[in-house]
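Structure first, then comments.
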Amino acid sequence: MAIKPCVLLVFPVALLLLAGSSAAAAAQLEVGYYSKTCPNVEAIVREEMEKIISAAPSLAGPLLRLHFHDCFVRGCDASVLLNSTKANLAERDAKPNKSLRGFGSVDRVKAKLEAACPNTVSCADVLTLMARDAVVLAKGPFWPVALGRRDGSVSSATEAADQLPPANGDVPLLTKIFASKGLDLKDLVVLSGAHTLGTAHCPSYADRLYNFSSAYSADPTLDSEYADRLRTRCKSVDDKATVSEMDPGSYKTFDTSYYRHVAKRRGLFQSDAALLTDATTKEYVQRIATGKFDDVFFKDFSDSMIKMGNVGVLTGAQGEIRKKCYIVN
């Protein structure tokens, strides 16, 4: 049975207006946007990304995560890259973003582009291209990236804490958050597949291992053998140093093994386990877990990444083109 898109029957007027303005802005993005002003932009990004991932293959996941965390707060406007100031605590310093990595790699790529095409390519476009190339270099799919995003000037830790999908979220909550960004239930289960790359710090999943509830010491939806294995690494809910692979044995390679772990009740986060509690997402997980539909997942992931990359973008005269991604001009 095909995945059915999540349909909200009643939208607040403000959300309808936001969706309309976002769609209009996204329509201004285009593949080849820099064909005259910086024709080698994608080649420059790819060349630098090849060096970065070759030296540190484990950075593919964090760079993809940076793009996710950017787009879910104020849209894909590179606000996650801005440093905090004395007067403002920025997104990157919000609790859910404390473990973000890859900022130095973004600065490195941006510097190369500034040298080739000064004041031309936005940090938002740089991050979107780097996320795509991170997936490709981890043996995942390629998709065309429409460009023309502009950089935002506002970055709020409070907004990040309020708007990012939580690792312990259930499907109704995650569906609501995704819908607020114009993404549906299929996008939710497909983009969860990004957990095939990277690692997670102990506090993000430790509550599934210790004192889960009055009835259970550990989350009963987590495979007990896997829970025992995780406890040998993550000693307590206060262990902030330990990391675990989100896709054990394959965390540097973009593939479908994440879904096989989830199907066996070995997803690391509660949000992973939650995919088995909804009929639609469970069906998708189990289908991809067979290993017979890798091409379907790759196509679906590409489509969902394109949708997410269009969320809340600034275009035209909106925003700016930052010279350095960590500070407004």
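The first residue you see is number 1, and the count goes up from there.
Here the Cβ of each residue, glycine as well, is placed from N, Cα and C on the backbone.
Copied over from TrEMBL:
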ACT_SITE  H69  active site, proton acceptor
BINDING   D70, V73, G75, D77, S79, E91  Ca(2+) 1 binding site
BINDING   H195  heme b binding site
BINDING   T196, D247, D255  Ca(2+) 2 binding site
SITE      R65  site 'Transition state stabilizer'
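Here the Cα atom of D70 (Ca(2+) 1 binding site) is found 17 Å from that of the residue listed as 'heme b binding site'.
Ranking the binding-site residues D70, D77, E91, D247 by C-beta neighbours within 10 Å puts D70 at the top. When the recorded positions R65, H69, H195, T196, D247, D255 are screened for a C-alpha within 10 angstroms of the C-alpha of G75 (Ca(2+) 1 binding site), the residues that qualify, in sequence order, are H69.
Among the recorded positions listed here, namely R65, D77, S79, E91, R65 has its C-alpha nearest to that of D247 (Ca(2+) 2 binding site). Note on proximity: among H69, V73, D77, E91, the recorded positions of the record, the Cα nearest D255 (Ca(2+) 2 binding site) is that of H69. A Cβ within 8 Å of the Cβ centre of T196, D247, D255, the residues given for Ca(2+) 2, is found for these other residues of the same chain: G193, H195, L197, S250, Y251, T253, F254, T256, S257, Y258.
Closest to S79 (Ca(2+) 1 binding site) in space, going by CA atoms and restricting to the recorded positions R65, H69, H195, T196, is H69.
Taking the centroid of the Cβ atoms of D70, V73, G75, D77, S79, E91 as the Ca(2+) 1 site, the other same-chain residues with Cβ within 8 Å of it are H69, C71, F72, R74, C76, A78, V80, G152, S155, G312.
Proximity of H195 (heme b binding site) to non-local residues of its own chain (separation of 6 or more, Cβ distance below 8 Å) is seen for M246, D247, Y258, G267, L268, F269, D272, given in sequence order.
The number of other CB atoms found within 10 A of the CB of the residue listed as 'active site, proton acceptor', across every protein chain shown, is 21. When the Cα atoms are compared, the residue listed as 'active site, proton acceptor' and T196 (Ca(2+) 2 binding site) turn out to be 17 Å apart.
The two recorded residues E91 (Ca(2+) 1 binding site) and R65 (site 'Transition state stabilizer') have their Cα atoms spaced 14 Å from each other. Around T196 (Ca(2+) 2 binding site), the same-chain residues at least 6 positions away in sequence with a Cβ under 8 Å from its Cβ are M246, D247, S250, Y251, T253, F254, D255, T256, S257, Y258.
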